[in-house]
Structure formats: structure tokens, C-alpha cells
Amino acid sequence: MNGGHIQLIIGPMFSGKSTELIRRVRRYQIAQYKCVTIKYSNDNRYGTGLWTHDKNNFEALEATKLCDVLEAITDFSVIGIDEGQFFPDIVEFCERMANEGKIVIVAALDGTFQRKPFNNILDLIPLSEMVVKLTAVCMKCFKEASFSKRLGTETKIEIIGGIDMYQSVCRKCYIDS
């Protein structure tokens, strides 16, 4: 075995996916692995680099397609990817990198604000050695939240935003609103 594998961190908005991604990458850095993180370049809510909703920043390459950063990451053994659901080539990229012996850690939404699947992320599940689904806290009733709900009437899937545009909600609060 070459040691390459895929770790997938999924869940709704505000569940700590990016924070967990950063935590895992930092663990590998402490162990002297060469690490790189990649963020979706259209996500510029807080500035350059990878940002958590609580304003923690981590250095990251930016791309809209992962194949565009292949040359830049050849010397790294750990690759962290944030907002994985937005990369059209996420499945092929992760499988290739893991097969080449790299550790790939992906943080992504598993469902849209309409509770429809991000199919590219679901396609990663059978290819991943580790899958963790995080929950958030329902912003209406304060129970466990597994879903993201968009505020407003916009129906386009790729609308990048934070607490101003989305809430994490439980099943009951999703259905009731």
C-alpha cells in the first residue's frame, strides 16, 4: 500500500467542516508532512486564503478546477480541499492523488439548501477511507442541525455566503419554515 487515502468531512453550513480540515492539515504539518490547502477561488467572502466562519485564516491555493493546480502541488504529500462540492473535477482529482500516495482531505457540503445531494461529493464516499458527517446547531430551536437553509428567494445553487444568507437547521425547523 502506498499510504495514499481520502478523508471526507461533510455536513451543513456552520458545522465546522473548514475548521476540522485545518485541524487535520495542521496535525500533518506538526508531523513534518509537506501540506497544501486549496480553496474554491469564487469564495472570496473574507479575503485570500481559506477562512472559517469564525474568521480563522489558513494559507491556500485558489482554483475553480483542481486540475489547474496539479503542477503546483506535486511536491506535497497532504492536500486539503475546502468547499469540495464546487469543484467539478473533485472525484477524479482525489482518486488520482490518493492513488499516487497522497493524503487528500476534503471538506464539503453534502447537500444543497434544498436538501438535494451534491452528487460529486456523494460519488467520493465509496472512494474514501474515512467519512465524517458533522452537525451544526439549529439556529431556530438550538437542537442538532443537519441541513442548510437559505434565507431569501434566490434559487441558484452556487450562491456563496455566510450567516447573512444561510442558517443551519434541524429537520423540524427546515420543514416548518
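Note that Cβ sites are derived from N, Cα and C of the backbone, with glycine treated the same way.
Quick look at what Swiss-Prot annotates:
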- E83: active site, proton acceptor (ACT_SITE)
- G11, P12, M13, F14, S15, G16, K17, S18: ATP binding site (BINDING)
- F113, I157, E158, I159, I160, G161: substrate binding site (BINDING)
- C138, C141, C170, C173: Zn(2+) binding site (BINDING)
Taking 8 Å from the centroid of the Cβ atoms of G11, P12, M13, F14, S15, G16, K17, S18 as the cut-off, which other residues in that chain fall inside it around the ATP site? L109, L134, A136, S168
The rounded CA-CA distance in Å from F113 (substrate binding site) to P12 (ATP binding site) is 9
So among C141, C170, C173, all listed as binding-site residues, which is physically nearest to G11 (ATP binding site)? Use the C-alpha atoms. C170
Can you tell me the three-state DSSP label for S18 (ATP binding site)? helix
Neighbour count, 10 Å Cβ-Cβ cut-off, for G16 (ATP binding site): what number do you get? 18
Which residues, in sequence order, are found in the same chain with Cβ within 8 Å of the centroid defined by the Cβ atoms of C138, C141, C170, C173 at the Zn(2+) site, excluding those residues themselves? M139, K140, F142, K143, A145, V169, R171, K172, Y174
Return the member of E83, C138, C141, C170 nearest to F14 (ATP binding site) in space, with distance defined Cα to Cα and candidates limited to these recorded positions. C138
Integer Cα-Cα distance in angstrom, K17 (ATP binding site) to the residue listed as 'active site, proton acceptor': 9
At a 10 Å cut-off from the C-beta of F14 (ATP binding site), count the other C-beta atoms across all protein chains. 21
